[in-house]
Every structure is written in C-alpha cells, then in structure tokens.
Amino acid sequence: MATTSRRFTTGLFASITSVKSHSANRPQSISLIRRNHIDHRLPLIVPSSRRWIIQAARSWDGFDDGAEAEIKKPGAYGYAIGDNEIEGSSSSTVHVIDGEHVKTAEIVIWAAVTAAFGVGNRVMYKLALVPLKEYPFFLAQLSTFGYVAVYYTILYFRYRAGTVTDAMLSVPKSPFLIVGILEALAAAAGMAAAANLSGPSTTVLSQTFLVWQIFFSIIFLGRRYSVNQILGCTLVALGVIVSVASGSGAAHSLNEAGVLWILLMVLSFLLQGAGTVLKEVIFIDSQRRLKGASLDLFIVNSYGSAFQAICIALLLPFLSKLWGIPFNQLGTYLKDGAVCFLNNGTITKGCDGAPFLPLLFVIMNIGYNIALLRLLKISSAVVSCLASTVSVPIAVFLFTMPLPYLGVASSLPKGFMGGTIILVLGMILYSWTPHGANSSHTDSVIPSPPPT
C-alpha cells in the first residue's frame, strides 16, 4: 500500500515531492495527502476510498521526527466537508484574518485619500478657471495632453528603479486602446450634453455613473452584490442629488431639456463606467499574465492617457465647435491660452492668479487620478466611484466659505444636510456585512485536489 503526497510550500518557492517514508516537521506548508487505502493507524476510519487531507506544515528540513509527527500539535484544528477532512494550524487562520484586516485598512485609507483629492480637485478646478475664464478649453487640453508627458516621465523613472519590469511593459496594449477610445468618446458626449443642460441637471444624471459601474461589474467581472450594497449605492446617489440639486430646479431643467441631450449625458457616463471597469479587468488579467505579480498603475495611466490623447486630437474639430471656437482659429486660441496660463506676455489682463492656481489644479488632478486608480486596483470600480462621489457634497460645502479669488461665497442648497445624512447612511449600509455573510468564505479558499 503506497501513500502519495503532494506538498505545496508556502515560502518563496513551491515544491512538489513524493513522500513515502518520512513524516516532516510540518507546521508552515500545506500538504495534500491522497490516501488510496484505509490507514489503521488513524483513530478515525472512513469508508471512503478517496480522501484529501489539507494540513498546515513547515517545510521539511531533512530531519525525521518519526511517526508521532502526524499527531496534531496544540493549537491545530480540523474539520470535514463531505468526505474531506481539513486540518491546519490556527496560526494560519490568524495570518489570513490579519491580512484581510490590513487590506481593509489600506482600502479605507486610500478611499479617504481619494475623497480628499476629489474635493481638492473640484475646488482647484474652479479656482483655476478664475485666471483662465476665457480659456477653459485650453485647460481641458492641458489636462489631456500635458498629463501624458507627466505619466510617462514617472513611468520612465520607475522603470529605471526596477519597479516596472519588461514583463509589465509587454502586456497587450489593445485594452488600453479601448480605454482611451471610451474615455475620449465619453468626454465628447459629455461636453455636447453639458452645453445644453444645467449644472444641477448634470449632477443628477452623473449618478448613473455608479449604476453603470455596478452593471458592468456584474456582466464582465461576474460580481454579485448583496441587497445592502445595492441599497447603499442607491442611498449614496440619492444623497448627492438631494444635497446638491435640491431647490435648484433640476427637475424642471430636465423637463425642459431635450430627451436627446439627457440620453447623450447618460451615454457619456455609460462610456466612463465601461472604461473604469475595463481598467479593473486589466489589473485582474495582468495578475494571470505576470504569474501573480501586480501591474504597475502608471502603465495603465500612461498608455490609457496616450490613447485618449490621440482620440481627442482626432476629435478636436468637433470639440472646438462645441466650445464655440472655429477650428481655423483653434491654434490662435490655444496660443493665447498658453500666454495667459504663463501670465507672461501681452495678454495678461484678467489672468491674475496664473500660473499658480492652474498649476495647483494640475498637481491636484494628477494626485486625484493616481489615488483613484490605486483604490480601483486594490478594491473595485464601485468602491472607487463611491469614494469619488463623497467628495461632491464636501466640495459644495467648501464653496460656501470665503475662498480667495472666488468673491462672494455661495449658499448651501436647501436639502444639503438631509442629503448628506442620506449619503453617509448609504456608505455605512454599503460597507456593513451582515452576520454570517462570510460563513461560506472558507470553502472558497480550500484548494481543489490535484488531478489523478
């Protein structure tokens, strides 16, 4: 009667060996032992002829402790699922739980960082438009084309430092092309619709972004969301609508706006949602291609931004027309915008605050995009969207304060406090895990028996 064993070591390398006569010191690796006979030395006899035992063990160091090495040490645990008996060390469970807690803490930290950058991004964009109020299209193109140079510069230094590897750079580029096309089309559709919709109406319609992300996560990632998560997302979106658009005539504005512009704005957020979920798919797929290694987020930022810039360049005749700039005058417009941005030259009247305020916006926007993509990488597209959504009412509140260059502060919307409470309740409900919801989680982490 031969006994075969497959050993998966949890150290820096994995080894698969056949063990016939020795019993190793096992407390830190996983040994999957297939028994084709009934071992009378075991205190428990099961009539099944095929059993898999999963046992926490230390890598074998060549010393044999004898037959007694099979006896469970204090602190070990065992249980069975069907015909499968599972044995392991309680310390292994502690490490898994600690790892989950560390990841949860990291997600919370990056969610807070993303929300903070989101607030700063919204505030600094409004401040940047003070000196560039005549050149908003220039600022938009600076954000599109200037960031490509910034991201590739960062990527170059990370490659030189060894953080980015050749294997990472060799991943397929077609997904990045699709991301660039989606984001460029989303920008074009959003600009066209925003020109015919009021600000509060756009805020209401922007909440469909979260809906599309949930939809695409279910379709392309196979995710399943619990009732409390769906309800939590709904409350977050409702809270933003109530806190920002209440009392502003948003409903009346939507009734007056044409159906075409409403559908075009919804299409814009659909394309953005698809692009965001596709980035998550890229991160997940890269782990398989890189054999468990994590794809550097600056690769996604760099290639995605480059393809988006190419698509935007092709759409410039259409986009300039949306901004009321004849295409034959676009070159002069961009040149004058650059002079105002630098605040150096003949066109400096009304450019007070440049280049300081626009540069602050550029820095804040880059930080926001990096934090948003980092949060998406370690969590999901939906979580990153929720963190970004929280920044909306906070920014609205900050605009009620006497900020420099903005003049008279705005007043809070009538339903701001009520909407904020709804939003917070939605966030709590989304993150709440009902008791016993993870009871089946253990089954999903038990490795399947190797083929026979």
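Cβ coordinates come from backbone N, Cα and C, glycine included.
According to Swiss-Prot, the transit peptide annotation covers 1-34.
Here Swiss-Prot flags 105-125 (among others) as transmembrane segment. Within the chain carrying the transmembrane segment (105-125), a Cβ under 8 angstroms from the stretch's Cβ atoms is held by residues 357, 360-361, 364-365, 367-368, 371-372, 374-375, 378-379, 383-384, 386-388, 390-392, 394-395, 398-399, 403, all 6 or more beyond its ends.
Per Swiss-Prot, the feature transmembrane segment maps to 137-157 (among others).
Taken from Swiss-Prot, the feature transmembrane segment covers 175-195 (among others), and the record attributes it to sequence analysis.
Same-chain residues lying 6+ beyond the ends of the transmembrane segment (202-222) with a Cβ under 8 Å from its Cβ atoms: 193-194, 230, 233, 236-238, 240-241, 244-245, 250, 254, 262, 265-266, 269-270, 272-274, 276-278, 280-281, 284, 380-382, 385-386, 389, 392. Here Swiss-Prot flags 202-222 (among others) as transmembrane segment.
The feature transmembrane segment is assigned by Swiss-Prot to 230-250 (among others).
For 258-278 (among others), the entry in Swiss-Prot reads transmembrane segment, with the evidence type sequence analysis. Long-range contacts of the transmembrane segment (258-278) within the same chain, counting only residues at least 6 positions beyond its ends with a Cβ under 8 Å from a Cβ of the stretch, are 175, 178-179, 182-183, 185-187, 189-190, 192-194, 196-197, 201-202, 205-206, 208-209, 211-213, 215-217, 220-221, 376, 381, 384-385.
Beyond the ends of the transmembrane segment (307-327), by six or more residues, the same chain brings 136-137, 141, 144-145, 148, 176-177, 179-181, 183-185, 187-188, 191-192, 195, 333 to within a C-beta distance below 8 angstroms of the stretch. Marked as transmembrane segment by Swiss-Prot on the basis of sequence analysis: 307-327 (among others).
Annotated transmembrane segment per Swiss-Prot: 353-373 (among others), in sequence order. Same-chain residues lying 6+ beyond the ends of the transmembrane segment (353-373) with a Cβ under 8 Å from its Cβ atoms: 110, 113-114, 117-118, 120-121, 124-125, 127-128, 130-132, 139, 142-143, 146-147, 150, 279, 297, 300-301, 340-343, 384, 387-388, 405.
Positions annotated as transmembrane segment by Swiss-Prot: 389-409 (among others).
Taken from Swiss-Prot, the feature transmembrane segment applies to 412-432 (among others). Using a Cβ-Cβ cut-off under 8 Å and counting only residues 6 or more beyond its ends in the same chain, the transmembrane segment (412-432) has close neighbours at 228-229, 231-248, 386, 389-390, 393, 396-397, 400.
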Worksheet item: Mind checking which residues reach the transmembrane segment (389-409)? Cβ under 8 Å, same chain, six or more beyond either end.
Response: 114-119, 121-123, 126-127, 130, 203, 207, 210, 236-237, 239-240, 243-244, 352-353, 357, 416, 419-420, 423, 427
